[in-house]
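Quick notes on the structure that follows.
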Amino acid sequence: MEQLLGDVSYINFEINDQLENQIGLAPLPFTTMNKSSVGACKFFFAGSCRMGVRCPLRHMKADKTIVCKHWLRGLCKKGDDCDFLHVYNMSKMPECYFFSRHGECSNKECLFLHVDPSTKAQDCAWYARGFCRNGPLCRNRHVRRVCCQNYLNGLCLEGSRCKLAHPKYWPLPGTEIEPHKPRWTCHYCKERGHKVQFCHKLSPEERQKYMDDRNATNNYGDSHLQPGPGNGPQFVAGQTPRGTVAVNPKPGVQKSLDEVTCYKMAAKFALQPRIVASVKSVPLAVSTSQPKSLTERQKNLLPTLSRPLNCYYYDSPFLASNRMLVSCGIGLPQSIRFLHTDVTNVPSFDEYRLDSTKNSKAVSAKTEVDRKIFTYTIAFAGTVLATTSAKYAVKTLVQTLGPSASTLAMANVEVNLATIPESKNIVIKWRNKPLFIRHRTQEMIENERKVPLSDLRHPETDEQRVKDPKWLVCIGICTHLGCVPIADAGEFGGYYCPCHGSHFDFSGRIRKGPAPTNLEVPNYRFVDENTLIVG
């Protein structure tokens, strides 16, 4: 038996405030949740995580193959929990964003990898839609999209521009709410999903009666058509004619027009009985001849009027637009004059016409070239003259922006290679920069060509950097901060920058230190065996 030892209702426990204020509230883990800001799962490293993809922590693999791009800039905050390497390794650098997005990179000293987008595996379009039938055998990548947390909470301000996924959770089939599916309501059993003619509770007799009533309702034709063969309903003998009845929505019942109230005039119809008289059509003769002469008695008995024709009466807009007069009378034929043959004095305009347009029977397409040859010639000559003038104007303007003749004379430097002994290095001035020229031995050449590209920060073979294996030509400026290296020094015997400790080999390639790229190779050419021109 339980006994109450003391009243604790007045005590405010800490758990009460946490529950009321929802402190520590977080969504339950799901498949596509964003795990970029959470820690690593320790059970996954031991191989004992049972939650799989629903684990709220990140499942990191031990084989890290890419250097962290945030660590390179000193901005990575994840430390040991980062999914990427925190080691300076040129062979495992991340992919360059600008090269992958735009196909080119303007930074000549870019440290990131430039990978051709056509050689990479593309994302699977079917998997992005929801299902790929190839499964793990698909040749494209299956990238799991991360759900938008704002959308899951109720509202995402980005809308369709959001880069995260906005899932649509449709209800299961058979539920009450099924979108994009019309539901009919039966008027007999009041159930949804079917019409009354397909109702399973309707007896055969009631269904037949319903179909007969429906067919009788549809027997009425268009109300604006007159009864006739194939037009409107056919009335049997003894039935009221169509002109004095009104169509009632109820099948088989007709109402007289005297009982119909007009909703617009608020009055009943008062139709007079129709009087149909026989009409004899009288043809009217229209000719171009003058009216026949009449006697004086006929003129007095049958007066003749002249009035303008009206297109509404004669159905001729041509007559009304020209305002023609017609003599109209009972004893006269109507006459209209269309042709004026008495006007023959038409002036000639041949003096003002071109020779190619004087022939009125000639086809315009055949004389087009003769008529426009002068215009085409003037246009072509003007275009040639304008193009030539623009060429010289642009050339003169561009030459004023270029370097002077004295500067161009200093751009090239000629070096006598016969004065440089083997295994020695000389320094000359070229464009206000130090220029290194080294006479390499056969041992130096063989040692530099044995170096694998995986050991180089800026991968370049020795053949790519020299035109003649015996001669190395490079600019003596360190690619780190612009210092001048020392020749025949360093761990690799080539060049050494004492300012920050960059080591270069006999091919001018960076081997150790902070310098990101190799020494720059200028444009040069060999005139003969003992003459070198740089620039």
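Keep in mind that glycine also has a Cβ here, set from the backbone N, Cα and C atoms.
The domain 'C3H1-type' annotation in TrEMBL covers 35-59 (among others).
For 62-89 (among others), the entry in TrEMBL reads domain 'C3H1-type'. With helix defined as DSSP H, G or I and strand as E or B, the domain 'C3H1-type' (62-89) counts 7 helix, 2 strand, 19 coil.
Annotated domain 'C3H1-type' per TrEMBL: 90-117 (among others), in sequence order. Counting residues 6+ beyond its ends, the domain 'C3H1-type' (90-117) has Cβ neighbours under 8 Å at 65-69, 72, 84, 454, 456-459, 479, 516-517 in the same chain.
Residues in the domain 'C3H1-type' (118-145) partition by DSSP class (helix H, G, I; strand E, B; coil) as 10 helix, 2 strand, 16 coil. Residues or ranges marked as domain 'C3H1-type' in TrEMBL: 118-145 (among others).
Among the features that TrEMBL reports, domain 'C3H1-type' is placed at 147-169 (among others).
The feature domain 'Rieske' is assigned by TrEMBL to 448-533. Break the domain 'Rieske' (448-533) down by DSSP state and the numbers are 9 helix, 25 strand, 52 coil.
Per TrEMBL, the feature region 'Disordered' maps to 225-250.
If you look up TrEMBL, you'll see 35-59 (among others) marked as zinc finger.
For the zinc finger (62-89), the residues of the chain that approach it from at least six positions outside its boundaries are 39-40, 45, 111-112, judged by C-beta separation under 8 angstroms. Annotated zinc finger per TrEMBL: 62-89 (among others), in sequence order.
Predicted-model confidence for the zinc finger (90-117) is 84, expressed as mean pLDDT. Here TrEMBL flags 90-117 (among others) as zinc finger.
Taken from TrEMBL, the feature zinc finger applies to 118-145 (among others).
According to TrEMBL, the zinc finger annotation covers 147-169 (among others).
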